[in-house]
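Accompanying notes for the structure given below.
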Protein chains: 2
Amino acid sequence: MSIKNAFYAQSGGVTAVINASAAGVIETARQHADKIGNVYAGRNGIIGALTEDLIDTSADSAEAIAALRHTPSGGFGSCRYKLKSIEQNRREYERLIEVFKAHNIGYFFYNGGGDSADTCLKVSQISDTLSYPIQAIHVPKTVDNDLPVTDCCPGFGSVAKYIAVSTREASFDVASMAKTSTKVFVLEVMGRHAGWIAAAGGLASSQDCEIPIVILFPEITFDKAKFLAKVDGYVKQFGYCSVVVSEGVKGEDGNFLSDQGLRDAFGHAQLGGVAPVVANIIKDGLGLKYHWGVADYLQRAARHIASKTDVEQAYAMGKAAVEYAIAGHNSVMPTIDRVSSAPYTWKVGMAQLANVANVEKMMPADYISEDGFGISEACREYLLPLIEGEDYPPYKNGLPDYVRLKNVAIEKKLEKFEI
Amino acid sequence: MSIKNAFYAQSGGVTAVINASAAGVIETARQHADKIGNVYAGRNGIIGALTEDLIDTSADSAEAIAALRHTPSGGFGSCRYKLKSIEQNRREYERLIEVFKAHNIGYFFYNGGGDSADTCLKVSQISDTLSYPIQAIHVPKTVDNDLPVTDCCPGFGSVAKYIAVSTREASFDVASMAKTSTKVFVLEVMGRHAGWIAAAGGLASSQDCEIPIVILFPEITFDKAKFLAKVDGYVKQFGYCSVVVSEGVKGEDGNFLSDQGLRDAFGHAQLGGVAPVVANIIKDGLGLKYHWGVADYLQRAARHIASKTDVEQAYAMGKAAVEYAIAGHNSVMPTIDRVSSAPYTWKVGMAQLANVANVEKMMPADYISEDGFGISEACREYLLPLIEGEDYPPYKNGLPDYVRLKNVAIEKKLEKFEI
């Protein structure tokens, strides 16, 4: 049997550590050159496979691949593109097989979240339905932390650390200013469906560093009166407070709080974030001076303050994916299995993709405090190990020295394919 | 002659390194216990002096004071409170003297920006006009980098580093997403009058890491057509681009671009930032998908990614202030004097407060590139040394271990004073 090549691609929103998973895949494959040939990366995810735009990762040195471990974003480009079912678009699957055949690809590593797991599952099924031998392994990644089976998702720990650190820092700032100026700082964070990232804001306050923080979770319907009472109480007690608000918070009408129907002077609809909306509610309701920030991409790209735990887990997932492939597995995903929280220990496990695709893991109800504005001790115990440790990138001239790969395309062998 | 005590206070917007200056003042004073008695810190700036709310810094250990060096925000509380002239409010100056006399204070160290330099100058003049011997030394601090005479201002280098790092990281992110999703990332930064902080965004792009960045400076009137053409050109050439916009950008009508007269569904005026406004302009004008962030307090509180140069300079300014006081100076401010840019060398200088107060240093016109959307090589040469080096705080349980001082008040000796 000839040695098969591997295909690797990044999918969906990128993270501070998805490239660490890429390094795990490529370095592990290189260590098993007797079993896996070259690793071809899809330029811009699955689109690279469909259009036969395959990057020859062997063109990059061991040093460059190792530098992926400390480089945020998707080194090969990502995409938001979901394959339809084989019944709905058989041509796309046939095309994938043509590309795999043309380049002797027998392994499919797909690095993404829930939608990508679904794509990976579909590809794994080609093996049967279109009679082409391909082993499809999903490499978990999502800042939303909403994949099932695995205890946590690579990407989340670093966002959580960024939000916890930033909330602590901004809270120190507003505490200094509160006497004559700003009394409330509002920080908008990601998480349209689940409040995992917002919950991380709660870590900014600890037993030896108490900070009044009000968290607005997407899981909890916004109650203006209750919210204002909470902020008012904290400001009276501490002199200031911080608010961490998830972009996905909804009002009693079921609409996103951010969707306030804002219009400019000419009546044009304007898109805003939820942070200014919450800030305005505080101003109108309590007359307090505020500042607000929106972390947006900064939170998920912040490799400079990545969690060491997260970096190690991201790398381990890429490595395990290759090892599972070599062991003959198909349609699986390596997982992070927590053994204990204190001290934190974990091991690599395995999930069947059928149990992962299209399942969204929500935050347990008992992770939110009774009043709905904070995190419980159970939540803190879950989150703390995930932000543990620092893993600083190297710097050059005051800036992180992130790698850009050559990303050389291999020669195309097939006709052009329109997607 | 009895040994006089010192008064120290923090003023205006706080920074990632103003506490490093505090450490410089207190540690240096402790080293000269034969010349300077206790250091009393004003709780919440000058308000602490007026209300006789003085913090006994000797209650905190050497270890705690040393930890100020790695702790952002104002450890003693800051304030926005500008003393009127002695003609307008003689009572406040008389009160200051009463407090200084009551606590044997002969040194006044005021840590702030332009307004604070003015306050410090006024206090230094008490010596003559109200016949009380006080030496007033200003310790420079401002993220806006707009103090004259000094080459740069402590606080700025760390914000500059944060903005440069964050812009590089977010740009890597948007580059990964651009194929099928976000093509433009907009980051709003501080700087209402001068574009120093926005300019720092330009450092994200370097010779070995080119990134298409459009900077919107407060010094340049916003020209929508020219801006859209610039963004469009970059997106066509690179596939994506980043925009760094100063909060102080104004349109041709002379109004802040952020002041768009936004109204909610009920017609209530809503305050927004400039980032969503710019994002909407891109969406309407080019139909490109975008993301936007507002760094706000995160940028000036981000001690976790402080510039080592900045930390050292902030500490040196506090140290020099005490040494100048001991040498008998009054009405001066230590400065950072650049000796050379490459290699970067600097020394501590001295400015007369009369030359500092109420003078705003703008960015030189030749620091902005000809098209008005970038930084010149001269600007890069000026900025780069200021973000050089990392100075990480210690961590505990995944979070920076920032100090909170005891902040014990000394016993009051005077009647209450209403401000």
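Placed from the backbone N, Cα and C atoms, the Cβ positions cover glycine too.
TrEMBL entries are annotated by machine, without manual review.
Of the listed candidates (A:Glu94, A:Glu247, A:Glu252), TrEMBL assigns A:Glu247 to the same substrate site as A:Thr142, A:Val143, A:Asp144, A:Met190, A:Gly191, A:Arg192, A:Tyr297, A:Leu298, A:Gln299, A:Arg300. Here A:Gly13 (diphosphate binding site) is positioned 13 angstrom away from A:Leu298 (substrate binding site), judged by their C-alpha atoms. The Cβ of A:Gly13 has fewer other Cβ atoms within 10 Å than any other of the binding-site residues A:Gly13, A:Gly191.
Annotation note: A:Asp115 (site 'Important for catalytic activity and substrate specificity') sits in a helical segment as assigned by DSSP. Every protein chain considered, the tally of other Cβ atoms within 10 Å of the Cβ of A:Asp115 (site 'Important for catalytic activity and substrate specificity') stands at 17. Under 8 angstroms separates no C-beta among the recorded positions A:Asp115, A:Thr142, A:Asp144, A:Gly191, A:Glu247 from a C-beta of chain B. In this view, A:Asp144 (active site, proton acceptor) is surrounded by 23 other Cβ atoms within 10 Å of its Cβ, with every protein chain counted. Across the structure, A:Lys141 (site 'Important for catalytic activity') and A:Gly13 (diphosphate binding site) place their CA atoms 9 angstrom apart. Around A:Thr142 (substrate binding site), the same-chain residues at least 6 positions away in sequence with a Cβ under 8 Å from its Cβ are A:Gly12, A:Gly13, A:Thr15, A:Gly112, A:Gly113, A:Gly114, A:Cys153, A:Gly155, A:Phe156.
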